[in-house]
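Report on the structure given below.
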Ligand SMILES: NC(=O)C1=CN([C@@H]2O[C@H](COP(=O)(O)OP(=O)(O)OC[C@H]3O[C@@H](n4cnc5c(N)ncnc54)[C@H](OP(=O)(O)O)[C@@H]3O)[C@@H](O)[C@H]2O)C=CC1
Ligand SMILES: O=C(O)C1=N[C@H](C(=O)O)C[C@H](O)C1
């Protein structure tokens, strides 16, 4: 039985993770942590920790995971480059899964996006990405959309800094071929929608994923925590857990 710590236990994902961790036959949630509580005590007797909280809190979670040699699943999004570098550094001595999205459907969307970009390219096809989330989400674009853009950048030889256009306004002129449009929508209780669109003269391909329950992310993260028990130190993502690489 894998003993799990869930940080951010009072949050939307924290609640789903407690449910998923106690539903899985191989895991049990034996420790929880929320703001203001003793983090070191929470890490004292667990086999893995799952963190879906706030980007600025990750540093403290990494410190405790390193101090107690506890494998870590990170679902939090919105990290700065410096915060991401701290995760990479910690993964030299600790097994860590760090993924913008733990649903099997979105990880299939990542794979499909890569294949579609290889086949269609960005010469005849214009590439646009949209995402929509609930009104409470604090980072934009979503971590999942950032990962989709990374994949599209890799496949088309474009860059996030130079070629991604975040929304459009005014007399912007005709669309440059290399441009990838990124459009963020926020409203209501939307759990998470992502679309990658390839639009050409005469035809259009749209790849869409819509999450309707946070349990899809939570059960994926619990699966990642169980998988992590047998892994050496290193930085992994959900594609590794699902065996979708290669
Ligand atoms: N990778 C994936 O598959 C998914 C990732 N996410 C990501 O997970 C994160 C959390 O999302 P969500 O659950 O909706 O957010 P919530 O705001 O509902 O929950 C965040 C939780 O973290 C706690 N928290 C915030 N700051 C701190 C801190 N400094 N110290 C300790 N605890 C803290 C909050 O406590 P308090 O309420 O007291 O502030 C709250 O319990 C986001 O980054 C989101 O993008 C979400 C879904 C799927
Ligand atoms: O904050 C959320 O809710 C979500 N965040 C993740 C992201 O930023 O991609 C994953 C999911 O779409 C829900």
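Cβ atoms are placed via backbone N, Cα and C, with glycine included.
Not measured: the values here are computed from a predicted model.
So that you can see what the record holds, here are the features copied from TrEMBL:
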type	residues	note
DOMAIN	3-102	domain 'Dihydrodipicolinate reductase N-terminal'
BINDING	8, 9, 10, 11, 12, 13, 75, 76, 77, 99, 100, 101, 102	NAD(+) binding site
DOMAIN	105-242	domain 'Dihydrodipicolinate reductase C-terminal'
ACT_SITE	133	active site, proton donor/acceptor
BINDING	134, 143, 144	(S)-2,3,4,5-tetrahydrodipicolinate binding site
ACT_SITE	137	active site, proton donor
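Mapped onto this structure are the features recorded in TrEMBL.
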residue: 8; record: NAD(+) binding site; DSSP class: coil
residue: 75; record: NAD(+) binding site; DSSP class: coil
residue: 100; record: NAD(+) binding site; DSSP class: coil
residue: 137; record: active site, proton donor; DSSP class: coil
residue: 143; record: (S)-2,3,4,5-tetrahydrodipicolinate binding site; DSSP class: helix
Provide the three-state DSSP residue tally for the domain 'Dihydrodipicolinate reductase C-terminal' (105-242): helix first, then strand, then coil.
53 helix, 39 strand, 46 coil
Those recorded positions of 133, 134, 137, 143, 144 having Cα within 10 angstroms of residue 100 (NAD(+) binding site):
143, 144
Of 12, 77, 100, 102, 133, 143, the recorded positions listed, which put a C-beta under 6 Å from ligand 2? Please answer none if none do.
77, 100, 133, 143
Excluding 134, 143, 144 themselves, which residues in that chain have a Cβ inside 8 Å of the centre of the Cβ atoms defining the (S)-2,3,4,5-tetrahydrodipicolinate site?
77, 100, 101, 131, 133, 137, 139, 142, 145, 192, 194
Please determine which of the active-site residues listed here (133, 137) has the lowest count of neighbouring CB atoms within 10 Å.
137
Sequence-distant neighbours of residue 75 (NAD(+) binding site) in its chain (C-beta under 8 A, six or more apart):
13, 50, 51, 52, 99, 102, 217, 221
For the domain 'Dihydrodipicolinate reductase C-terminal' (105-242), mean pLDDT (0 to 100):
97
In Å, rounded, how far does the Cα of residue 137 (active site, proton donor) sit from the Cα of residue 77 (NAD(+) binding site)?
10
Across all chains shown, how many C-beta atoms besides its own are within 10 angstroms of the C-beta of residue 102 (NAD(+) binding site)?
28
Compared by Cα position, which of the recorded positions 133, 134, 143, 144 is the closest one to residue 77 (NAD(+) binding site)?
143
Taking ligand 1 as the reference, state which of the recorded positions 133, 134, 144 have a Cβ closer than 6 Å to one of its atoms.
none
Take the C-alpha atoms of residue 143 ((S)-2,3,4,5-tetrahydrodipicolinate binding site) and the residue listed as 'active site, proton donor/acceptor' and report the distance between them in angstrom, rounded.
11
Which of 12, 134, all binding-site residues, has a Cβ with the fewest other Cβ atoms inside 10 Å:
134
